[in-house]
Amino acid sequence: MEDQGHLPSEPRALFDRRDDTDSTNTALDETDLSRTPLQDTSHTPHAEDWSLMPDLKKQHDRNVASGFRRRELGVTWKNLSVDVVSADAAINENVLSQFNIPQHIRESRNKAPLRTILHESHGCVKPGEMLLVLGRPGSGCTTLLRMLSNHRLGYKAIRGDVRFGSLTPEEASKYRGQIVMNTEEELFFPTLTVAQTLDFATRLKVPFNLPDGVTSPEAFRQETREFLLKSMGISHTSDTKVGNEYVRGVSGGERKRVSIIECLATRGSVFCWDNSTRGLDASTALEWAKAVRAMTDVFGLSSIVTLYQAGNGIYDLFDKVLVLDEGKQIYYGPMSQARPFMEEQGFVCREGSNVADFLTGVTVPTERKIRPGYENRFPRNADELLAAYEKSPIRAQMAIEYDYPDTESTRERTEEFKLGVLDEKAKRLSKNSPFTVDFLQQVKACIIRQYQIIWTDKATFAIKQISTVIQALVAGSLFYNAPDNSGGLFIKSGALFFSLLYNSLLAMSEVTDSFSGRPVLIKHKYFAFFHPAAFCIAQIAADIPVLLFQISMFAVVVYFMVGLTTSAGAFFSYWIIIFVATMVMTALFRAIGALFSTFDGASKVSGFLISALIMYCGYLEPYHAMHPWFIWIYWINPLAYAFDALLSIEFHNKIIPCVGNNLVPFGPGYDDTTFQSCAGVGGAVRGMTYVTGDQYLASLTYSYSHVWRNFGILWAWWALFVAVTIIATSRWKSAAEAGNSLLIPRETVAKHHAVVRKDEEAQLNEKAGHKGTGTDSEAQSNVDQHLVRNTSVFTWKNLTYTVKTPSGDRVLLDNVYGWVKPGMLGALMGSSGAGKTTLLDVLAQRKTDGTIRGSIMVDGRPLPVSFQRSAGYCEQLDVHEPFATVREALEFSALLRQPRHIPREEKLKYVDVIIDLLELHDLEHTLIGRVGAGLSVEQRKRVTIGVELVSKPSILIFLDEPTSGLDGQSAFNTVRFLRKLADVGQAVLVTIHQPSAQLFAEFDTLLLLAKGGKMVYFGDIGDNAQTVKDYFARYGAPCPANVNPAEHMIDVVSGHLSQGRDWNQVWLESPEHSSASRELDSIISEAASKPPGTVDDGYEFAMPLWEQTKIVTQRMSTSLYRNCDYIMNKIALHIGSALFNGFSFWMIGDSVADMQLKLFTIFNFIFVAPGVINQLQPLFIERRDIYDAREKKSKMYSWVAFVTALIVSEFPYLCVCAVLYFVCWYYTVGFPSDSDKAGAIFFIMLCYEFLYTGIGQFIAAYAPNATFAALTNPLILGTLVSFCGVLVPYAQIQAFWRYWIYWLNPFNYLMGSMLVFSVFDTDVKCKEGEFAVFDTPNGTTCADYLSTYLQGVGSRANLVNPEATSGCRVCQYRYGSDYLYTINLKDYYYGWRDTAIVCIFVLSSYALVYALMKLRTKASKKAE
């Protein structure tokens, strides 16, 4: 069985280096791999211990035999300084402060303060060397790594010299795939499996020249992938999704290893590893370090590593160490001399401490220990240490290396590197291309991945196809069997318009989709996997079959149900035009997504754009009615060209007889066509009772000759949008490049500055040598006074957890048992993927699927109803509301989770205690933000711990890897605090990955798990871990002296020391197991016989629902108030759409055509919804995911409070939006200025704001992700728009729909109420072309001839010349009410009736948000 913990490097075939010159250059012991002059020759790397070292050497030998060159590149830097804009300058404006123009002008005059985050750093890493960069978070380690991996964007100023071999940074940028950085974050497409993720990486790095014995690129790729998976110990995860915070996948440690593999797959020459052991267990972390050492030795790599918690085993593998503090380089030199140097300055390294922690702690007053006699002369801060280092002989000797880039051997090696890279490249690539495989292979790889992404997110794919079929059937039945006469003109035009509209709305989801995988694509850009054009072409290639299927289903259903021209030529012309138009709209929205760095900006533009394109496509407003100031939009509108082509295909060479209201007069007694004429039909000629299709098209400025011209224009638009997407994609940059800084809300700036000044004064006191012991002791007693005492015993017995997988049931926990008593600090350990997080999830009642068997009890009794909120659980992933400050997040948790009988003031006072304890006072008034813009990973981890601690957990505290991502001092402080909690009676259970010996000694008991969730040990740890050591020694695995027992244990149960033994079986047969089982039974029975230690208050939530709602609504409202992008985009979309709508329908008149325009301007108001909904839903889903991931599971507040807060927090902005739209639109279109009518219409518009928000929220409430929601919107909105009586008037809607869906459609009542108030009292005045003009028989007067008509079917018509005997002029309507009657609005009271019904629909839409949220909310699994 493959050892899980092994993390070998790549096979050497992965690092092909052609050598056409001298084979001696490739020898492992060559002299030019020599270390620094100060290298301690007694230091022997432990890479030889690595189990896969022989395989690595075989690969190396194969490369030598194949004649591969060595690609070696050292890194040298001198006087390197980096400046950024000070964090204090990064102010997060709120909705009101952004309009404070005078303040912005004043601030713009002040030059933004700069902060030096890296100060005159220097160093040299030659091929074959490893450098360890140490420093506390914020000291500049990551910045240095970014400089040394040539990631230079996002900084205000960079000074100094960096050379890669003899290359300058500009020259090295052509080789970005060879100088790579593995960042701290794991960025993947979560729905792809591990194998699919690695397939993609390896496929794009296959060299052109293959090693001897490898038959094909595919064989090389397969060999690479299988070796990497196997060597990293995660072969068993190959078919498991990678996952993320919200998608279940591999464990956190396994995900980190996938990240490492992907980085190794680049086959680079310079590797920068940024805290790459975060989330790995101690044994796996050590194996990874050995792998890097082996790679570096065998292949001459340059490896630069920064680690926060480096055990001595890892530390000893490095050649050099560089220590940073406050950006200053306080040590750089040989690893072996770092500790002696610091000890010479007067610092003492405690016994059992990690040397790395000792080096980073020398400037921390609470961490350092001073040698007797040095109390008054040791360096107290970074400046003094830097001065001491500058005077040391180490500094002078290391400076010798800085000429390395200019040496002849380096220049030769760099030329060799260039040739080696060139040998690997596909021959069709240009010399300066950073890529490895040719463009076609890049496209192929991207296409495969694109189909995998589509297929692994089946729900999104299915909703797109299902909604298309449903919408096609609905639309086909709505426009069913449209007649071939004048009555069918409007219906057929509506059907053709809807064909474009629906597919365009569906394409809007591309904006949402554009942002979902962007961080992954940016990472791959730095890895030089593919050109952005390859990705864009792959998206198109994936689009084509999906869209062909989608459009074919839609076209077949709609075309033949509507009864459009039944000829093959006409059908396929319709089909191809719809397909091309959809391709164009997809490309357009994808380009918009690519052009913007934020989703809010893209959604604002796309929402406004869809309104503009729909309005100016020629359907709502014909070309001749468009105003000159906006008519240019028609000519740049792809939908206009498509609509022109569709109408021309349908009506060309048709004879269209006028019928019904379009024929004047008609009815009994009017059968002679000589004395009839068409009315209200475009292109009608006086005295004619029909119009030809081409006449009708000409009246719209369309022509059949335009069809294929427009087809070509549509493809030209498509090509333009694709080109824009490619250019925009190539300019994407990561969030960190924009400058990673703290964000301070405008309203807390003064508070933050006060805290900063206080900190600066404290630092000055420290530099002056003052000590604050009195204050520290006071704070200490204050903390002790507030800590919670607990008396409950928590037990679990025979716990088994099973989940269903495609290959059958999989056991993740196998008969696990244990307990945590008051005052006990328990450690839960095991290799990555052993089931530690799963066990905590099950114990904390956080699982919503799978099967749990066994018992979980408190005081020998079933878990109380309040358990989930009474037990604190710090999860591994830090999920927080990004627009909350640190203090607000802690107060929110304290107010909602501490018992209801505790006064509010006391809860908030406890928050101050935790802020001091976790040293968060300098961050308390800053926004949490997102990674890259806000708190760092380490700071977020402290906030996560704080959020749980402020809740005063009364039963126990679970912490899942609370020290991952923290530096050694922060990790020790965290565990020391947990120790303190335990000492006052709290029960604490912690999963921990890489504890130092010091850290491990703080724990009382250990539960050790092996692969498959099997128990390996449970019991006391003992002084200096002696009890655990004795147990393993007894079974043949003694812990050597000076080896961290925590690392040793993991190595024994899952690493190369396992000796193939089943340690679970060893445990089950041991006396310790029997003793622990008996003690567990005794604890349960004893606890059950006593009164419970914790009295259950019987409440599921700590606070009443009303209090929950108030607190959560306040947080949501504050969050929206600070989310300027979201609010301003909503406001800008309303103002822009309103002005656009108003000026497009400027001062509408009172003619028959103007009645239609009034209908259409109101109809266009509806289309403000898609843009706002598309922007609203991702925010709703992000909030819901935060709630689902953490707040729901800890019973912080009810889902009812959550939904209420989300709904209510939007209200103020919806009111503002309604006012703005009304003011910008109502008077510009010339609607009645009477206050009663204007007020009524404003009220309806306000109701509509609430209505569409409710619709968007109920879709989002149940949607699994934002893309799914964006694809569902067209189905819902398309149906509502179709049946509101505009596209097809009420009288012509098919009977099946007319009698139910029409009456259940809120848009119907919205349109009806607004039309009644704006049109009912209008006097209709026909324009010249709108009159039906005809002669009378036998010289009778017009009044006499039309008397029967005017008293019957034409009673609403207006005869303007009754006494005339020829040229009778009849207008279709007298008043607006006559027009409204034809669309089923028969009386004025309909306006108020419909208004009331709209209000009812508003309430019902919000009720659906509650219903669907409840339907989606799963209960936690209980043990069976």
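Glycine residues also receive a Cβ, built from the backbone N, Cα and C atoms like all the rest.
Per Swiss-Prot, these features apply:
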type	residues	note
BINDING	G830, S831, S832, G833, A834, G835, K836, T837	ATP binding site
COMPBIAS	23-42	compositional bias 'Polar residues'
DOMAIN	794-1037	domain 'ABC transporter 2'
CARBOHYD	N79	N-linked glycosylation site
CARBOHYD	N275	N-linked glycosylation site
CARBOHYD	N790	N-linked glycosylation site
CARBOHYD	N798	N-linked glycosylation site
CARBOHYD	N1265	N-linked glycosylation site
CARBOHYD	N1338	N-linked glycosylation site
REGION	1-49	region 'Disordered'
REGION	760-782	region 'Disordered'
- Around the ATP site (G830, S831, S832, G833, A834, G835, K836, T837), what further same-chain residues have their C-beta within 8 angstroms of the site's C-beta centre? S251, G253, D281, T838, L1009, K1011
- Query: Do you know offhand how many angstrom separate N79 (N-linked glycosylation site) and N790 (N-linked glycosylation site) by C-alpha?
  - Reply: 55
- Quick tally, other C-beta within 10 angstroms, N79, N275, N798, S831, T837; top of the recorded positions is S831
- Note on the structure: What DSSP gives for N798 (N-linked glycosylation site), in three states, is strand
- Task: In whole Å, note down how far the CA of N798 (N-linked glycosylation site) lies from the CA of S832 (ATP binding site).
- Result: 22
- Message: Let's check the environment of A834 (ATP binding site): how many other CB atoms sit within 10 Å of its CB?
- Response: 29
- Message: Quick check: in three-state DSSP terms, what is N79 (N-linked glycosylation site)?
- Response: strand
- CA-CA, which of the glycosylation sites N275, N790, N798, N1265, N1338 lies nearest G835 (ATP binding site)? N798
- Message: So if I draw a 10 Å sphere around the Cβ of K836 (ATP binding site), how many other Cβ atoms end up inside it?
- Response: 28
- Query: Within 10 Å of the Cβ of G830 (ATP binding site), how many other Cβ atoms are there?
  - Reply: 26
- Query: Which number gives the other C-beta atoms within 10 angstroms of the C-beta of N790 (N-linked glycosylation site), all protein chains shown included?
  - Reply: 27
- Message: Please compute the mean pLDDT of the model over the domain 'ABC transporter 2' (794-1037).
- Response: 86
- Which of the recorded positions N275, G830, G833, A834, T837 has its Cα nearest to the Cα of N790 (N-linked glycosylation site)? T837
- Whole-number Å distance separating the Cα atoms of G830 (ATP binding site) and N798 (N-linked glycosylation site) is 18
- Query: In the structure shown, which of the recorded positions S832, N1265, N1338 has the fewest other Cβ atoms within 10 Å?
  - Reply: N1338
- Report the nearest neighbour of S831 (ATP binding site) in space among the glycosylation sites N275, N798, N1265, comparing Cα positions. N275
- K836 (ATP binding site) to N1338 (N-linked glycosylation site): how many Å between their Cα atoms? 101
- Task: Please work out which residue of G833, G835 has the most C-beta neighbours within 10 angstroms of its C-beta, and give that one of the binding-site residues.
- Result: G833
- Item | Nearest of the binding-site residues (G833, A834, T837) to N1265 (N-linked glycosylation site), judged by Cα-Cα distance | T837
